[in-house]
Amino acid sequence: MNSINDDNSRQDLDPQSDHSSDYLAHSLPLQPQPQTHPQPRRPRGFAATAAAAATITPNSAGKGKKEREKEKERTKLRERHRRAITSRMLAGLRQYGNFPLPARADMNDVLAALAREAGWVVEADGTTYRQCPPPSQMASFAARSVETPLSAGSLRACTAKETLENQPPVLRIDESLSPASIDSVVIAERDSKNEKYPSANPINPVDCLEADQLMQDIHSGVHENNFTGTPYVPVYIKLPAGIINKFCQLIDREGIRQELIHMKSLNFDGVIVDCWWGIVEGWSPQKYVWSGYRELFDIVREMKLKLQVVMAFHEYGGDDSSDPLISLPQWILEIGKDNQDIFFTDREGRRNTECLSWGIDKERVLKGRTGIEVYFDFMRSFRTEFSDLFEEGLISAVEIGLGASGELKYPSFSERMGWRYPGIGEFQCYDKYLLQSLRRAAKLRGHSFWARGPDNAGQYNSMPHETGFFCERGDYDNYYGRFFLHWYAQSLIDHADNVLSLASLAFEETRLIVKIPAVYWWYKTASHAAELTAGYHNPTNQDGYSPVFEVLKNHGVTMKFVCLGFQLSSQEADETLADPECLTWQVGVIFFCQVLNSSWDRGLIVAGENAIPCYEREGFKRLVDIAKPRNDPDRHHFSFFAYQQPSMVQGNICLPELDHFIKCMHGDITGDL
């Protein structure tokens, strides 16, 4: 007991403690104490200095004060050094360990994350305990809990095998999960294939989220294909682009009528029609020709189908495609001959005429109008021309094209420029208007020399590890890289905000739709290179979709997301660091779940669209499971589904399976597809 007291006394007199030194300096007695006890221990350190304060000279007192000040400075230096080490540890865990640590994380956050990684449960009040699966399953499954599915870093690549059909899962749910994702589990069977790229991905390939839950739903075996009583999801079919020629004339009226009869017999809820800017305003500015669309819409009205229209401000078809070429308006192309900077430009100076650069959104370079004024005039003309259809309720929604392929993205993956899957693409920011914006941003940041695009980001078909910018520990995550990527993504967000503001004025109470791309390749790498070049600042340690969703929510927009339903060959899968069974149905679904959960948790209305025109039986089933997640306690589901398909009459399509797919989406059928 005495030793404990002695230790405490020494601790109180620790010269590293500022409080103990100040206390001793002011409170120790200055007069000698009566010698009633054995000889006391000789004071040490600041205590000795304080005890002798009454007998020392003023010069000696000043010297003692300086010593205390020096010790305080040394203590501050030690604390700064400790904080620097902590900061580097946190940065490494965020970037390479894929831990969803908060921006101002402390050691408690680090310990909690490491404990969860090791299989422990850490509650909000700090209570920590371990839950172990039954011994028979310890060798086959690895499980862990997660804080939130909303973080980009918390969605991991995984490989789940058919053994999930026969072995019960080990389920552990963190109470901090949101209601929309309470069924998200982290269960996977270790697969030797996951060791193929041990150094390519800092993410543990055994960790899974909603993708495993979704796959487990499909293979559950109980009520596997029973969709009776599930939410009703309307299904629209998209009409082919070539039904209106460049003079805005309906090409085959009777053929279109037969198409619509087939669609009606299959119980499609409605059709989707692209209204091409390059056709309607094709020859002269502000001279709009809608005659072919009026004729088409009259047939749709006759068939009693609903109608969604797309404001298509991009180019379509041409080159090696069998589809007809629908270019931008001719008068726009004429302007582009004299001022090529109205188009997106890559690092080598090649111009992409697929859509207009966002750098001219507020530049009066289009016959006295800005880019967003041109879009607004087109939308306002459509609303005026077809006001009767809006009043009747025939037009149920309007989709706003915001970039390449009508999706909110940069044209970074242009096959015309030589891109082939799975290349990372190139940044499209080298027209003079976007470069001016970059210079302003760099000057505002105080680093004018940052007013440049990265010079080590590779080419269209490069792989991330081949570049200095996207590789492990690459420049994408240094100070300049984060600045550039933030500016690049903010330009995309600003464009969406500007155009949607005017679209809301043009269409007032009509539902607006925006299509978000599915850029899933290279999702298993730390940089997510393809997403970065497309305009989404979404590496493993950051959520790049939240700012986009905030803009969509502010405008009350429905988000339409491109769904995956196909498999890759082994060669394609190897090239993108994934198993052939994993990339599109696991990595793709994990990527999709990040976007889907984040959008639903922010209150967005979500719709879907298939990526390719024809699916096998398994693809149909997957689309239904994505559109209506079975175990979602909030019963989230798509507001509608847009189905892309070649001609019903001439296309190669299995009508019975398509009919069954529609009935499953409507929630009124059981049985196998």
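FYI, residue positions are counted from 1 along the chain as it appears here.
Cβ coordinates come from backbone N, Cα and C, glycine included.
As recorded in TrEMBL:
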- Glu407: active site, proton donor (ACT_SITE)
- Glu609: active site, proton acceptor (ACT_SITE)
- 7-21: compositional bias 'Basic and acidic residues' (COMPBIAS)
- 64-76: compositional bias 'Basic and acidic residues' (COMPBIAS)
- 62-208: domain 'BES1/BZR1 plant transcription factor N-terminal' (DOMAIN)
- 1-79: region 'Disordered' (REGION)
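For the compositional bias 'Basic and acidic residues' (64-76), the DSSP counts in helix, strand and coil order read 13 helix, 0 strand, 0 coil. For the residue listed as 'active site, proton acceptor', the same-chain residues 6+ apart in sequence whose C-beta sits under 8 angstroms from its C-beta are Lys238, Lys515, Lys560, Phe561, Val562, Cys563, Phe641, Ala642, Tyr643, Gln644. Regional average pLDDT for the domain 'BES1/BZR1 plant transcription factor N-terminal' (62-208) in the model is 55. Glu407 (active site, proton donor) is surrounded by 21 other CB atoms, counting those within 10 A of its CB over all protein chains shown.
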